[in-house]
Amino acid sequence: MPNLIYVSRAKSRTSPHNFKAGALNVLIRVSATMTNAPVILTVDCDTYSNDPQTPLRVLCYLSNPEVGYIQFPQRFHGINKNDIYGCEFKRWFKINPAGFDGLSGPTYAGTGCFFRRRFFFGGPSKLVLPEMVELGPDNVVNKPIQSQEVLDLAHHVAGCNYEKRTQWGYKVGLRYGSLVEDYVTSYRLQCKGWKSIFCNPERAAFYGDAPISLIDVLNQNKRWAIGLLEVAFSKYCPLTFGTCSMGLLMGLGYSHIAFWSIWSIPVTIYAFLPQLALLNGVTIFPKVSEPWFILYLILFLGAYGQDLLDFVIEGGTFQKWWNDQRMWLIRSLSCLLFGLLEYLLKSLGISTISFHVTSKVVEDEQSKRYELGVFEFGVHSPMFVTLIMAAITNLAALVWGLVIAILGGKSAFEENFMQLTLAAFAVVNCKPIYGAMLVRSNKGGIPIKTTMLSTFLAFSLFVVAFITLRN
């Protein structure tokens, strides 16, 4: 029967423990001292196996010596009917990996992944040996797991100071230097020539838990955004280093992920600038009767139409897609924007990046609200401020724009149609925010101090825009 070994690693204030990547490297070393099995499976604490045939599929793929790992899509149980927080991440976990699979293979997603042990020790054609022969991928363990010699060695390699003056995290094992250890490890080692496989069987290989409150979703995504920027603006930038190492398409694919948080810039501009201009009587888009209006219409309908088609083909519904695109807007105005700002401040030496572990604890009341499809705010967070500011600004712009259109007639309506449409689109997407601000009094609503602060800042933004545009 297999052995179940529980490892609790020591941590020291004088030695960085490198979060999840450090924990996985400890497990690689400890398992090497006990069995040094050639195949490694990594799963999160909330993930369980759903198909006993999964290892057989993996062994077939690993017959190719160039394949370093086999990634299964992340699937979740417990997601409510319409996935209000867009936690399925169909593009990241299904659509994009299928595209990567036509090239050198998908990225490592952090869970549900089988590795060849040799993958962690250099490229497929160049072996990088660790500091101890017992930790090498080809070492044969010929002592019982419970022997004192094996246990002593396991404790030694799991020590908090063991990695000092070694290559672990830099040339051996999972890579350090980013909060997204999965992305940077697969990226760096695929640059060395390894390939990967995306295996998406009809029966889910693994199931995991998804966060059921908005703040947990945003904290998790902010951590991802910061970690990806750490890679994007390093000497290993996928746009340059990745393209040279893996080719143009793989380099662009990894760059698309690395620069994820940059989407916050255009989304934030479109969430505020046209609406503030509308409130001040300034037109910035073409009229409905002008030819340029057709270009905007084609771009909008084309982008959303393609997105909807991809989503439905992968088994999604229209309501789930609508919630997913709403969450894309919410992420852009909150966690992606704050992740970008936090990374910039950290780069300037003004602040440090903290690691927030995604909560797996579920309260009964919170769970009931989630099952009913009700957004869970509940706590004060700076990330909610920009969301509420956008909600207030767009609602005010929509009301004022309708007044102008009614009083000004057809000409005023044509001039302001696109700005009115943007404001109306935002207001519809902000429905959960208005409900949490104005209607709900339970624990899941937005705290009053967050609402007041956001209202004050939205009014201040309007005043600044008024003075600027008038001058």
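Note that Cβ sites are derived from N, Cα and C of the backbone, with glycine treated the same way.
The 10 Å shell around the Cβ of Asp44 (Mn(2+) binding site) contains 17 further Cβ atoms across the protein chains shown. Look at TrEMBL and you will find Lys20, Asp44 tagged as Mn(2+) binding site.
Non-local neighbours of the transmembrane segment (252-273) in the same chain are 92, 96, 99-100, 103, 107, 183, 187, 224-226, 228-229, 231-232, 237-239, 242-243, 246, 284, 328-329, 332-333, 336-337, 339-340, 343, 386, 389-390, 393-394, 422, 426, 461; each lies 6+ residues outside the stretch with a CB under 8 Å from one of its CB atoms. What TrEMBL lists as transmembrane segment is 252-273 (among others).
The transmembrane segment annotation in TrEMBL covers 293-316 (among others). Taking Cβ pairs closer than 8 Å, the transmembrane segment (293-316) reaches residues 88, 90-91, 94-95, 285-287, 324-325, 418 in its own chain, all 6 or more past its ends.
Summarising the annotation, TrEMBL assigns transmembrane segment to 328-345 (among others). Same-chain residues lying 6 or more positions outside the transmembrane segment (328-345) and placing a CB less than 8 Å from one of its CB atoms are 86, 214, 217-219, 221-226, 229-230, 233, 260-265, 267-268, 271, 351, 353, 382-384, 386-387, 390, 426, 429.
If you look up TrEMBL, you'll see 383-408 (among others) marked as transmembrane segment.
According to TrEMBL, the feature transmembrane segment maps to 420-439 (among others). Long-range neighbours of the transmembrane segment (420-439) within the same chain, counting only residues 6 or more positions beyond its ends whose Cβ lies under 8 Å from a Cβ of the stretch, are 84, 270-271, 274-275, 278, 326, 329-330, 374-375, 377, 387-388, 390-391, 394-395, 397-398, 401-402, 405, 413, 445-446, 451.
Taken from TrEMBL, the feature transmembrane segment covers 451-469 (among others).
Proximity of distant same-chain residues to the transmembrane segment (451-469), defined by a Cβ-Cβ separation under 8 Å and at least 6 residues beyond the stretch ends, is recorded for 272, 276-277, 279-280, 282, 384-389, 392-393, 396, 437. Long-range neighbours of Lys20 (Mn(2+) binding site) (same chain, six or more residues apart, CB within less than 8 Å of its CB): Gly110, Glu181.
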